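What Swiss-Prot records for this protein:
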DOMAIN    18-88  domain 'HTH gntR-type'
DNA_BIND  46-65  DNA-binding region
COMPBIAS  250-265  compositional bias 'Polar residues'
REGION    250-274  region 'Disordered'
């Protein structure tokens, strides 16, 4: 079997002993949602998948059957056959809504703190270690976001950009941390029920492209500043969405504004920090 790529090593790593078929379904579905596996991409052969996941053939076939029933993959026969990704997983709107309602503002802020710490180190290493061919790829991924037309494909394009940027830093641990953080919040960021001023793909794309330019020009201070501002806006958006969902039955659907003109997210973070 060929040596797996870094992405394959993350997606197809060994599974826990319990509910292995369900774990495979979840792992592959999340990889597609994060953009690690793209629509049209062929999965490794079943024998290789079984070996990488550390499962028997029957368990793997059960998982692939479930993914086919969900319309996420299809298996084609013939010389050029195999199992191919054909669709994004269906959005788990109820689960995302419950995440907003059950996650406190302090917890969302803490996610932002962790992401800021990881991203600050990652972007500085990217300025040092990224290679020339990385920049064209990152620009292509940045532009893919504004071309995406659904919340699911926007979340996928967004996370794939940030993960590829982390990969360019050539630190597997930091790249894995970025994958984990993207998995935790990116679908909520682009959720279809977000606040009235929906998260803007054009603005996010512009920020991504500006970040690529800073890395390409080896400007670590500027790149870090842009990264932290980007994460801060993301966290404020998540908090705004939480507040809107939490107050939906008693307040207007548009996000509240504090007396000084700041967003409801800023006001809530200040209040919780006191």
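Glycine too: its Cβ is placed from the backbone N, Cα and C atoms.
On the 0 to 100 pLDDT scale, the DNA-binding region (46-65) averages 92 in this prediction. DSSP places the residues of the domain 'HTH gntR-type' (18-88) in helix, strand and coil in these numbers: 35 helix, 9 strand, 27 coil.
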